[in-house]
Each structure stands twice: as C-alpha cells, then as structure tokens.
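Sending over a structure as structure tokens; questions will come in a sec.
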Amino acid sequence: MATITCTRFTEEYQLFEELGKGAFSVVRRCVKVLAGQEYAAKIINTKKLSARDHQKLEREARICRLLKHPNIVRLHDSISEEGHHYLIFDLVTGGELFEDIVAREYYSEADASHCIQQILEAVLHCHQMGVVHRDLKPENLLLASKLKGAAVKLADFGLAIEVEGEQQAWFGFAGTPGYLSPEVLRKDPYGKPVDLWACGVILYILLVGYPPFWDEDQHRLYQQIKAGAYDFPSPEWDTVTPEAKDLINKMLTINPSKRITAAEALKHPWISHRSTVASCMHRQETVDCLKKFNARRKLKGAILTTMLATRNFSGGKSGGNKKSDGVKESSESTNTTIEDEDTKVRKQEIIKVTEQLIEAISNGDFESYTKMCDPGMTAFEPEALGNLVEGLDFHRFYFENLWSRNSKPVHTTILNPHIHLMGDESACIAYIRITQYLDAGGIPRTAQSEETRVWHRRDGKWQIVHFHRSGAPSVLPH
C-alpha cells in the first residue's frame, strides 16, 4: 500500500520573501490562498533533525497551540509534509520593540511601564498555562504592526518547557547568558521564577538603555549574576522613580522563592497606577544608550551567524537550533540563546550520580544504594560466576557480610569515564574503578574492576537498571 504524503501546506499556502533564519529553519511570509490572509511560516527541515530535535519541535508546537493571548505571537496551524514541518504564526510586522523605542521622538518611564506590563501579561498567561518561556530577551519582543501603540508580542517558544504548578526541577542549562537567573547558573532546580528574573533584566534596560549585568568574559558575567551584583548608578538612575527601582529589586531577587510573581508584578503601583506613579519625563539618554545597545546586539548576532555558517560549511556537524558548543564559551555570545543540556552538564550529572553510588558501596550503605537502583536491576558481576543476577537480594548479602565487617578505610577512583547519552532519560557510563583498601593484616592493597552502568531517570531521579562488572570477585575476610 502506498504511503500517503501530506501536501496540505503546499496546496493551501503560497510562500513569499524570507523574514528570518535559524540553523534548521527559515521564516517566510506566506498567504493562505483562499482566505487571502497573511501569516509567517516557520519552515523546519526535518531531514536534518535528530530524534531529540524532533521531540523539541513537537514540544514547541504543543506549547504554542496552548497559548492564546493578545501579547503572544499566535500559532494558527502546524503541518507536517515530507522533509519539512510548517508552523504557521501571526505575521507581526512592527519589528523588535527595542528598535521601535529608539525611533520614537518621545520615550518616558510611563512608556517603559506600559511595555513591561504587556510582557508581564504574556508571561502570566504562559505561567497560568503551565509554560515557562526560558528565553525572554529583546530579540523575542516584537510589535504587532508599525502603527503607534501597537501591541507587544512575545515570540520564539523554542526553549519553552511545560511544568506542573509551581514545580521546580533541573530542566537543563538553557537561555541567553545576560538574562540567565542565578538558580540556572547554580544548576539548581528551577521553574516559573526564571522568567521574572529575565523580566527584571529587560525592565532595567528599558529604563536606562544598558543591562544590569555585563562583562565581556562570560565566567565573570555569571559570577555577577549569581551574586546579584547590580546597582543604580548616577546620574542616569537619579531621574528614575523609587517605585521603578523597587520593582526591579523585586524581580532581580536572588532567591527564586522570594522573587515577585507575574501576577504580583502586575499589581505593583508602578504598573497598576502608572499615570500617577511613573514619570512622564522624556529619557533622551536612555534612547541614546539603547541605540548603542541595539547596535552591539546586532553586531554580535552577525558575528555569531558568520561563525556558525563557517562551521557548518566546513563540514562540522551543527549543534542544532542556532546553538553550537564552541560558540557558547565565546564572549560574543552574551545575547545568543544557548542550550547546554545535551552535552557537558548532563554528562557531569551522570559522573556525579555514579560517584554517589560507589560512595554508598564503599560505606556499606545499603539504604542509599537501594534508592539509586531500580528494584528489578540486572547485573553481570564476578561474584555471580557468569550468571545474570536480578533484583537487590544478591547484593544485600555482600553489604551485610563484607562491607559491614570491613570498617577499614576504602578509597575509590574512577578512571577514564565514557558516557553515552541515550535520549533525555537514559545514559550509559563505562569506566575503570580503582579501589584502595587495607587488608586483614593492615597492609594497603589495590583492586581494579572494569564497569559499565546503565542509568535511567524516573520522576527526575536517576536509577541503575543494569550493570556489568569484571575483575576479581570480592572476598570475605577470614
């Protein structure tokens, strides 16, 4: 039976000029022929996508379908055809909010208040729908049209995640350096408050035209953010009302549990009583500074695009959605989205849980060991004499009779760990384990084993489902 290929996009829409470009996607203006309605089509080349990238695409489409709000770019349709996927969005023609501000003849604190109010309305809707954007920044704040007073629209949900209520978890290292929250940089569990931190950074820029945290060196930038090291320098901040500074302070609160929420921020007097609280004085210095800030952003974006194009052209394998490991470390990437959850951070996590498991074994701590093992775990190990062991009873015997008696110090070293990441929830680690210990006569000894462990993550917790260990069997002391 022949496979039926969907051609709905090709039949219903006509494509026009390019509006933007990513590593695996291009955005083009399109028209729904029968209705004569204009849209923006994000066209993803699915032939180049990994299984993980396919998952991310499905997640983005699912999230965008959920969100229906006047301050969010609306997804109207999602169509999959042979080799390409089409996401049909509102056509927003007003360009970036920050570019529009610098072209205005008049711009005041009250205007900044109105801008951040619309951004917060969008964020509140996301949070009410169980969505965290994770990449709020000027590039993703657009205007519906070029008309005066056009609505601000939040765009690009490529990094957005779905959360349950106020759930905090480690969803991976993702975002844009200058807008990352302290909890993400600390690699702590995080959730909705990361969006409010980014709103604080955006509001700061809206008021003076430069960011609260800035350093060409990314490591120093991250240290500033983790310490919450920003201030309100003279003279530019002298003309900003105390209420505006108060809202920034509440957004840029290091502790996410004490940070203001979107709903609370919308009730803040600087927003809810804008006409009487926010200053209406024209801020020419802010406009001038913002022009330089925009120019720097565009230059860095152009440099990064060139670097990525050179890398891809020279046959290097692209890291997916505008992201590249090599570029991430560059000081040029301060306004570029990064998503590091695929590689170094996740591999370090696997090494860490493996070290914790071995520590539990060395300490004879069966309770901790059981928490890190699936109840149906399988194993090949020297003590089982070539048999496949299932469950934890076989291992319990050695904890109770070997390690509990051996109170002498044990020192373990993991050598040459190799990690294979298998999707989001599974990983395999292979390494050599060197164990130093004192024998019954108090003489130092060294044992070596070669080990492979397969980890699986359930409900955010890593557990061993299988391991294979070679080397000499453990011997009970006489």
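Here the Cβ of each residue, glycine as well, is placed from N, Cα and C on the backbone.
The structure displayed is predicted, hence computed values, not measured ones.
As annotated in Swiss-Prot:
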MOD_RES   Y13  phosphotyrosine
DOMAIN    13-271  domain 'Protein kinase'
BINDING   L19, G20, K21, G22, A23, F24, S25, V26, V27, K42  ATP binding site
MOD_RES   S257  phosphoserine
MOD_RES   T286  phosphothreonine
REGION    290-300  region 'Calmodulin-binding'
REGION    310-320  region 'Interaction with BAALC'
COMPBIAS  322-331  compositional bias 'Basic and acidic residues'
MOD_RES   S330  phosphoserine
MOD_RES   S331  phosphoserine
MOD_RES   S333  phosphoserine
MOD_RES   T336  phosphothreonine
MOD_RES   T337  phosphothreonine
MOD_RES   S404  phosphoserine
Among all protein chains shown, how many Cβ atoms are found within 10 Å of the Cβ of S25 (ATP binding site), not counting that one?
21
Counting other Cβ atoms within 10 Å of each residue's Cβ, which of the modified residues S257, T286 comes out lowest?
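Sparsest of the modified residues S257, T286 by Cβ contacts within 10 Å: S257.
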According to DSSP, folded down to helix, strand and coil, what is S257 (phosphoserine)?
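The residue in question, S257 (phosphoserine), is coil (DSSP, three-state).
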Give the mean pLDDT for the domain 'Protein kinase' (13-271) on the 0 to 100 scale.
92
Cβ distance under 8 Å to L19 (ATP binding site), same chain, sequence separation 6 or more: which residues?
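Once residues fewer than 6 apart are set aside, L19 (ATP binding site) is near V27, R28, R29, A40.
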Just going by other Cβ atoms within 10 Å, which of the recorded positions Y13, K21, V27 has the emptiest spot?
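Each of the recorded positions Y13, K21, V27 was scored; lowest Cβ tally within 10 Å is K21.
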T286 (phosphothreonine): which of the recorded positions Y13, K21, S25, S257 have a C-alpha within 10 angstroms of it?
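Final answer: none.
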Go ahead and report the DSSP secondary structure tallies for the region 'Calmodulin-binding' (290-300): helix first, then strand, then coil.
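DSSP composition of the region 'Calmodulin-binding' (290-300): 11 helix, 0 strand, 0 coil.
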What three-state secondary structure does DSSP assign to T286 (phosphothreonine)?
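Looking at the DSSP assignment, T286 (phosphothreonine) belongs to a helix.
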